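Shown next, in structure tokens, is the structure this report addresses.
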Amino acid sequence: PSPFLLPCLLLLPWLCVLTGGDVCITGHDTGPVFEEQPGSLIYPEGLSDGKVTLNCQARASPAATYRWRVNGTDVLVGDPRYTLVAGNLVISGPQSGRDGGSYQCLASNRCGTILSRAANLKFGYLHDFPGEGRSPQTAFEGAGAFLACQPPAHYPALSYRWFINEFPNFVKSDGGRWFISQVTGNLYLAKAEPNDAGNYFCFTTINLDISTKSTFSKPSQLTVQPDANPRRSAPAIKVLPDVLRWRKVEGLLPSKAGASAEGPILTLPEITFDDEGIYECEAYNSEGRDTHQGRIIVQAQPEWLQVMSDSEVEISSELHWTCVAAGKPRPSIRWLRNGQPLSTQDRVEVNGGHLKIVNLALEDSGMYQCVAENKHGTIYSNAELRVQVQAPDFRSNPVRRLIPAARGGQVMMECRPRAAPKPTLFWSRGTELLTNSTRVTVTPDGILWIYNISRADEGKYTCFAENYLGKANSTGHLSVRDATKITLAPSNADINQGENVTLQCHASHDPTMDLTFTWALNGALLDLENPAGPYHRVEGKETIGDLLIVNGQLNQAGTYSCTAQTVVDSATASAKLVVRGPPGPPGGLVVKNVAETSVELRWSRGYDNHSPIGKYVIMSRSPLSPGWRRMRTVPPNIEGNAEAARVIGLSPWMDYEFQVIASNILGSGEPSMPSHTVRTQQAAPTVAPSGLGGGGGDRNELIITWTPMAREYQNGDGFGYILAFRKLDSATWMVERVANVESSRYVYSNQSLSPYCPFEVKIKAYNRKGEGPFSQIALVHSAEEEPTVAPSRINATALTAFDVQVSWDPVQQLSANGILRGYEIRYWRQHEREAAADRVRTAGLETTARVTGLRPSTRYHVTVLAYNSAGTGPASPRTTVTTRRPPPDRPPANVSWKTDGSWVTVRWDHVKALDNESAVLGYKVLYKHEGQSALKVLDKGKNSVTLPLPKDNGYVVLEIRSSGEGGDGAAHETIVSRDSGTGMMVQNQAGSLWSIHVSLLLTGTLSLTLIALLDL
């Protein structure tokens, strides 16, 4: 040692390491570890009166001191613009050209220095949009369009929105027709509609760490014009089609895509490297299809897989540290010591993530950092290296004072003092120096082994340690005990799955020590303490360790080892347990000779679990039936010695997975691993489409409809439909091909086509392998036209002030140009125009209808028209009708009643009609007992009525109104109870009582559809 180091080594022989001339005390000092590091931030450009704080705090003993670097140059804290608060750097009045850059904090104490991650201070800005106007844009109805945002200069990236006509009427997603690119800001519109026209403004927002700024563009005028050629066309990706669907070109589309897999925007949350690949959007409608592809490339910032840890290493030895980081692109790794770059030189070797230092010296102590970085980020891993120098010392790890050992066994005595450099070790028994012999071994690292121990080996054993700094020794006493022996070993056993079994194990041992039993299955220790588990220790004497196995399963078969153990030795005995059960899963399942409706399977036999395999069954699943189901095979019954079979009854052009299940007399086993997915060969369709029908449409059209063929019946690609149709009783068929699997209708147009002309129609499917059979012939009519004949002999009769009855003679079906659906009654007041007429339609071919909701004492014009699915025919000659005068709008007054036992008599004053009101012909009394569910109706020409009272103390709800040709007048409502005696109640007084029961009366009244008026 140098003269400078020697005093330190003599004074602190087990504590001292040095770094840069300062002392870092082992067990007392710790190097700095960051608790808070600076983070990058963006400061608003031009905000000169603010402050920026970059945080830096480290845990250390003694406390750390701090300094900063910007762009690799030390920050001068004496500059008035910079202030150091604890470890934090405060920058006053930051300016873009002067203060922008990469900042790093260094934390130091006498144990070393560490360097923080880099924090970038950048300045954000958003300029205004140019003042000049924008060119107007034109879109055609049904087509796509886009509006360019052309954002102004800015930093960092913007978020984009658009508003239309006025703020804040922001554009919202409308069934997927709108899309705003957050890269360019452009607004994309699919399938333009007339109401999309307007003035559009691009609204940009920049979000900084301490502020937010927004600005918007001049308007972009969008005009939507009708399409000059409205014929339906094949879809383009820019035009919203009938159906959108996403797929992954190589592999399965991730299930986390959810509903977005069938929408205009594919969303993949929590993206991983498995999501990389080419994705394709497919758009199609009945006219055709279009596709577009895009690639997803997933990259990631570095992430530690392995880091170094704090190490205390003796002087003159070697240090090996490894750092491993994942990331994409692959991260590069560099090393720092006390904040300074470390490279290969002298005793130091740096090789990527591996650091090696040989012949360690005290000056190698310090703080080391491993730095992994790629273009997405940088990460740091810290560790402290302490190079130790120390004389041998047993105080923290002496030789065991009492070392028991079993007679006939072996014993190991360890000697592990603290020392640096590594000491020389040797053992003695008393004054005898121990050397290697047939019964004694002393290893180079100081471990003493004694074999075939006898009583004569008892005594004291001492370990001596020495290096150039000093000497030390430690002594232990060896005590020899009786050996442990198995007296009753477990026997082999054979059980069926689900049965219980007990394995015996007895032992003898030295009575001065405790005996414990443990059991292991195939070398793995069993848990005997879990009461719900299958393994239980049989209660008994200390020398008995029997094992009970409950409900034995196949995975519990194997070699069971019983170990009887004391603190000095152990004895072990083993036995085998055989568990018979259903067979294990077959292996090596492969699919060969794939045909249209069959495949050949081959497999290898699985474990029979000690009971011969009796037979196999084959299961399959497909995308259309995700559950596993049993398949038909050749041979129908697969014997237990078979290793191949043919599966039949499959659908052509369908994806399948297969499993094989073996069984024996004890049951069916686990299925094999599923086979790889195979697709059967294509074949011509074998069934015809269903649901053939049609009808309706515009004039001169024949519309034919059907149900699209399900996937399992298509049998191949290039799928479509062949339609054949002809007029009834015609000999020639017209044939049309529809080349889209999703199509469900075909429109045949012909100007010479007569209305409601019957056609015979049939349909079949085709694919690239051929054509399928035709369906049964269906009768379909061409489009109907409006009826040509009007109803006759129209008659209208007033029923009340509000209702009239209309009747007419029917129209013959032959003149209806189709199927006559019913009649439409049009009515309007005398002073109104016919165009403002109200309309009522019959639901069938009735020749009378009641028109309600009319005005009293009003003259109406009425006409009737026949209608079918194409519209209404000509109007009949009009007739007129005048509604009756209205009924009195006053309820009966002075209502009184008198109870007599179980009856009550109610009286009221007559209602007198005014000159403009219809005469009163009688009265209607509606009453309801408490608790009843229906109302009763009494027609009375008199002004009194006698009613029964409830048997209990309930009440009667009454409603009295006048009645005449004009209908029913206003009602008087009241409540009568048994104990009310004689009473009189006027309308105004009844209001508060009636409000309690009005819902009962209304409910009952609405249940009545017609009240017959008695002529009194």
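Keep in mind that glycine also has a Cβ here, set from the backbone N, Cα and C atoms.
Checked against TrEMBL, the range among 120-143, 600-623, 672-695 recorded as region 'Disordered' is 672-695.
The range from 721-741, 994-1014 that TrEMBL describes as transmembrane segment is residues 994-1014. Sequence-distant neighbours of the compositional bias 'Polar residues' (674-684) (same chain, 6+ residues past either end, Cβ-Cβ under 8 Å): 589-591, 594-599, 601, 650-659, 715-717, 766-772. On the 0 to 100 pLDDT scale, the domain 'Ig-like' (32-122) averages 91 in the predicted structure. Through the fold, the region 'Disordered' (869-896) approaches residues 696, 699, 755, 783-792, 794-804, 808, 811, 816-819, 821, 824, 826, 830, 854-863, 906-914, 916-918, 920, 923, 943, 958, 960-972, 974, 982-987 of its own chain, all at least 6 residues removed from its boundaries and within a Cβ separation under 8 Å.
In terms of DSSP secondary structure, the domain 'Ig-like' (302-386) contains 3 helix, 55 strand, 27 coil.
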